[in-house]
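**Q** Here it is, the structure in full.
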Amino acid sequence: GRMWAYTVGFTVLPHVGGFLGWFLSRKEIPAWYDKLKKPSWCPRRQVFPVAWTMLYTSMGYASYLVWSDLGGCGSKAIVPMGLYGAQLALNWAWPPLFFGARNLNMALIDVLCLDGLVLGTLCSWYRINRLAALLLLPYLGWLAMATCLTLRIWKDNPPQKS
């Protein structure tokens, strides 16, 4: 019965920061984001919550698989779960940087570091649980688009001189 609770806990965890980031920055979306110059291939606003719900669920479940295969929080879990925790922190930091602080420079640096950490997480997980690594592939794909989008927004919306 206890493993069920761990499965749910690990699967829900990524949603916590994602929801918090959305909640704290939701007013900035119509006030600021909608007015930014964006490329024609930018997904519609309604796509983002659906995509992130699926991505957070798969990444959370994948983290449970790795944690479980490693036998919990032992010394073998430090690197694979540390990479996962670090990428999750950067993932959660992006909305406050981008929407909250409207800091396109820091948001771009954040997402570029995030790309590297997710790739590192995927590589470290592949040796432990291939399904867990495969579950990160849609996330990596979405991040590639999000990185390109952040880069284009950063490039096409230079800071206004006051």
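Including glycine, each Cβ sits where the backbone N, Cα and C put it.
I grabbed these lines from TrEMBL:
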- 6-25: transmembrane segment (TRANSMEM)
- 46-65: transmembrane segment (TRANSMEM)
- 106-128: transmembrane segment (TRANSMEM)
- 134-154: transmembrane segment (TRANSMEM)
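Describe the structural context of each listed feature in the structure shown, including burial, neighbouring residues and relevant distances.
**A** Long-range Cβ contacts of the transmembrane segment (46-65) within its own chain (Cβ-Cβ under 8 Å, at least 6 residues beyond either end) map to 6-7, 9-15, 18, 22, 81, 84, 125, 129, 131-133, 135-136, 138-139, 142.
Proximity of distant same-chain residues to the transmembrane segment (134-154), defined by a Cβ-Cβ separation under 8 Å and at least 6 residues beyond the stretch ends, is recorded for 36-39, 42-43, 51, 54-55, 58-59, 61-62, 65, 98, 104-105, 107-108, 111-112, 114-115, 118-119, 121-122, 125.
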**Q** Given a Cβ distance threshold of under 8 angstroms, which distant residues of the chain, six or more beyond its ends, lie next to the transmembrane segment (6-25)?
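**A** For the transmembrane segment (6-25), the list is 49, 52-53, 56-57, 59-61, 63-64, 67-68, 88, 91-92, 94-96, 98-100.
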**Q** Could you tell me what the rest of the chain brings near the transmembrane segment (106-128), counting residues at least six beyond its ends with Cβ under 8 Å?
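**A** Residues packing against the transmembrane segment (106-128) from afar: 62, 66, 69-70, 79-80, 83-84, 86-87, 90-91, 93-94, 97-98, 136-137, 139-140, 143-144, 146-147, 150-151, 154.
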